[in-house]
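Down below is the structure, laid out as structure tokens.
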Amino acid sequence: MKAERKRRKGLGEAQEPSPSSRLALLSTTKSGGHREMTSNAEEGRSFARRDQLLKIQSEVQKRWEEHKVFEADAGSKPPKEGEKFFGNFPYPYMNGMLHLGHAFSLSKLEFGAAYHRLCGRNVLLPFAFHCTGMPIKASADKLAREVQLYGNPPVFPSLEEDSNAEDIEEPKPENDNVAAPDKFKSKKSKAAAKSGGYKSQWEIMQSLGLSNEEIAKFQDPYCWLSYFPPLAKEDLTAFGLGCDWRRSFITTDTNPYYDSFVRWQMRKLKSLGKIVKDMRYTIYSPLDGQPCADHDRASGEGVQPQDYVLIKMEVLPPFTSKFKILEGKKVYLAAATLRPETMYGQTNAWVLPDGKYGAFEINENDVFIITQRAALNLAYQKMSRVPEKPTCLLELSGHDLIGLPLRSPLAFNEIIYSLPMLTILTDKGTGIVTSVPSDSPDDYMALQDLKSKPALRSKFGVKDEWVLPYEVIPIINIPEFGDKSAEKVCLDLKIKSQNDKDKLAEAKKLTYLKGFTDGIMLVDDFKGMKVQEAKPMIRNKLLESGDAVMYSEPEKKVMSRSGDECVVALTDQWYITYGEAEWKAKAEDCLAKMNLYYKEARNGFEHTLSWLNQWACSRSFGLGTRLPWDEQFLVESLSDSTLYMAFYTVAHLLQCGDMYGSDHSSVKPDQMTDDVWDYIFCGGPQPKSDVPVVLLNKMKQEFDYWYPFDLRVSGKDLIQNHLTFSIYNHTALLSECHWPRGFRCNGHLMLNSEKMSKSTGNFRTLRQAIEEFSSDATRFSLADAGDGMDDANFVFETSNAAILRLTKEIAWIEEVLASESTLRAGPPNTYADFVFANEINIAIKSTEQNYNKFMFREALKTGFYDLQAARDEYRLSCGPVGMNRDLLWRFMDVQTRLITPICPHYAEHVWHNALKNDGFIVNAGWPLSDAPDLTLKLANKYLQDTIVLMRKLLQKQSSNLKKAKKGVVIPTTEENKLTVGLIYVNEQFDGWKEECLRILTSKYDAETQIFAPDQEILEALKQSVVGQAANFKQIQKLCMPFLKFKKDETLSIGPQALDLKLPFGEIQVLEENCDLIKRQLGLDHIEILSATDDAARSRAGSYNSLLNQNPPSPGNPVAIFLSKLEYSTAELQIEA
């Protein structure tokens, strides 16, 4: 261990940056690549506002660190419900810099934890760094290979030098036909490697700002461990992460305390029977010489082995001259099938005419004719004469195989022939396909093509006797399709040939599933048996007779991080028994009680639990912890990361703040025995240990206080492995009271509506984003990027807009504070005051709900955007009387608190420097509020909507006045200018509308929130007073859209939509705000009038007809605008 810790000092021990230097770090050469990239685009732009935020964040972070505001310790007593919040995040892999994708997922935890801290809860947010597995070693090895091939520093060939270069020469094994799987190889020429999207590991390291001398040290994988974790910590600190860094650690045996913890976990699982040694099919990297788990893969995460039955179709002698070398051997065309029950109906075999095949030795006697890819998979499944190295005796093309006579197991036809098929894929199966035209639409159409097209037979040298005598053999009855399902569905869909791919795909969908679920066998001892029951029996019959073998390959292409294509290997190694019935039941019980936030997430976990089975937990190479009872193996990276959240609770007591677990602690790693870990985490008896009892009890107290953790935030891609593994491990090792409480999963992050990609340049590290936008503007944009499990979108313009908004808000607050003496003193007393105070209360309540639901985009809307809009509206509404001083102080206090979880540096600056408050806003408490007055909110919306409507009406009426009958424009004068407004209000529905509402009320079930059928409502309308009217048909045309509108409104806002009156007095609201309406519309005089008062209606003069054409109704006043002359004339007429 000491030797290994010395190795990671290759670049010198990582030093913690001082607080004052953190901002400077953002502009060092470590991000120099980005600085150069953006310098031209940014040239000429002012960054004063951005730099203001950067300065604020540096000052705030310095104060936070000085006062250790994010360090959290356990209380002396168990926490009450809601007293503490422990959230965590999957530790990121340390083979590069953190990017915005990391930051997006992490922001969900950071915002949530910051909200709980703001509310006064004891919050623990720790962070660690993952170094286990192959990615770091693969990158280090790649670097070493580049140095070996091209020198130190590497001198890569230029395109000009190497434009005619041959492929990089690959070492050849004794058999020239097969490449050695354990040798470095490349299919790209040197020129090709230097062009397109290829980037050498050396160039990748250069893009991080490293010198050639520094890069050379990264050939040692332990160098990565000393370099990247401290950089990540710097970036996260600059981001404003509210982390207790005392508890940070790195994985692998470099950290002896974490190493001891993982060893205990593995031994505990094994003692419980959860780890066993077994022979199983596993995705495997030939180059690495070990299983390739999800996090060891460059592509193909989540891909599992696909099992086939390999049918041995014997090639009958005598052999042609082409096959003379195979005489004396048993030669088979080996066809992979998922449907062994259909083998009775074989009429032929299919080969791809232009396909490349080989005759591969399986053992001393048997030879399989298959593709090289399939042979490589078989070689790792103990089916090759030379283990793990397929031996090809003869290279063949598909043309060589056409017409071979075959004896195939179970086939009713004693001899069948291999025939050409043009649609075979050689990256699936073996390249050899059985033909069962009774149940396979593809087989049926390909056979019909050969039968009906002599020219096609002639083209491939197919003899008539190989094809024409063979008819469809019924073997399975499907109720919907009969005994010859493929023939029927092809005729039904009018499929013309084997090239009609779309229709054939549809035909397979129709028949394959039905064949399995509903099919009845017609043959052999299985006659009358359901296909799903007969299938495993027929498979076993084939395997036991030796007529078939099992074969497995990856479901899809998988590439390891070392750069080779993976196979499926049959390996004898250590497995964790996920999927075992009793353990699975406990995992399902845990899941049922967890808060997963989204139904989609629950579906994902339930699906994973339904298929997850034994998981290979050991590896031969890479970095990590040795398997304690079998130290030739390492614990793989998805198996040492399932319970470590518990390690956070004691890490600071063991490591004394050193993430590497160096020799700073009074407790030595070897003192952390299994008995000690059991005592801390599993409620075991107090151990006989030389660890001080006080410290033992302190560690146990920390664990019991913080556990269970309340939330783990992660990308949704980890549902299928890491997160589900975590559930399993917690339920196996910890008591039920310590099982996880919640997971929140999110989608991936796009940048500016496009996929984030290094190769296209649409990419930002976290460091680059902070440098470009500041931490708070970056956090603002991450919050705005999206909630839910769909992919989110980080928009640069949103970040730039945030810079402007935050700095302008600071300036506005400073202006308000400076002009305090000009503000209206005393308690709020105007309608505008009450509305604004209510909007503040609404913002507090709705933002609290959104934070609790982890809906941060919505929290940003309700706690910032909406509150800003309310402030701006208040400023306009107050007019000459001015804004109320107390309300503005409350607004500044509340808005600052509500934005704190998202923009903490801005909030801390305003709290401390502008508002002159003591302490820190990050734990200042959630603002108190009165219950929101929803009626007042509705009234204000009515007022604002009315002003907007009246403005449009005024513009329209003014525009009409300017147009003379003959198109001559009449200039506006004082006499004809519209300066008087008459606003007519009808506060209650009457007439046919009143009757419609009474009927809807009687036909609405408030409990179920469902209306009676439309026919019943219409019948009630016909029986009503309205229905008895002579002009009912005419009225009915008005009733029907009104009824639909009110039904929809009821379903949207509730049964109050059926009230005859609004929940507030319209006339009162408008009268209280006459001054506002006049200012907004530019009027000298307005009157609020009742539309039901004849005297008031007469004041409209010649415009009275408008009230009849468009009568006012609740929520829809009608305004008529007059000039002073018109208004005076109307007054005189009334007096007369």
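Every residue, even glycine, has its Cβ placed from backbone N, Cα and C.
Automated prediction, rather than curation, is the source of TrEMBL annotations.
Here TrEMBL flags 1-48 (among others) as region 'Disordered'.
Feature annotation from TrEMBL assigns compositional bias 'Polar residues' to 17-31.
What TrEMBL records for 33-48 is compositional bias 'Basic and acidic residues'.
Residues or ranges marked as domain 'Aminoacyl-tRNA synthetase class Ia' in TrEMBL: 60-142 (among others).
Annotated region 'Disordered' per TrEMBL: 154-191 (among others), in sequence order.
Residues annotated as compositional bias 'Acidic residues' in TrEMBL: 159-169.
TrEMBL lists 229-793 (among others) with the feature domain 'Aminoacyl-tRNA synthetase class Ia'.
Among the features that TrEMBL reports, domain 'Methionyl/Valyl/Leucyl/Isoleucyl-tRNA synthetase anticodon-binding' is placed at 836-963.
Summarising the annotation, TrEMBL assigns domain 'Leucine--tRNA ligase RagD-binding' to 986-1062. Note: the domain 'Leucine--tRNA ligase RagD-binding' (986-1062) comprises 48 helix, 4 strand, 25 coil (DSSP; helix = H, G, I, strand = E, B).
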Contact between the domain 'Aminoacyl-tRNA synthetase class Ia' (60-142) and the domain 'Methionyl/Valyl/Leucyl/Isoleucyl-tRNA synthetase anticodon-binding' (836-963) (3 or more Cβ pairs under 8 Å, separation 6+): yes
Secondary structure composition of the domain 'Methionyl/Valyl/Leucyl/Isoleucyl-tRNA synthetase anticodon-binding' (836-963) [DSSP: H/G/I, E/B, coil]: 101 helix, 2 strand, 25 coil
Tally of DSSP helical, extended and coil residues in the domain 'Aminoacyl-tRNA synthetase class Ia' (60-142): 35 helix, 13 strand, 35 coil
Averaged pLDDT, computed only over the residues in the domain 'Aminoacyl-tRNA synthetase class Ia' (229-793): 94
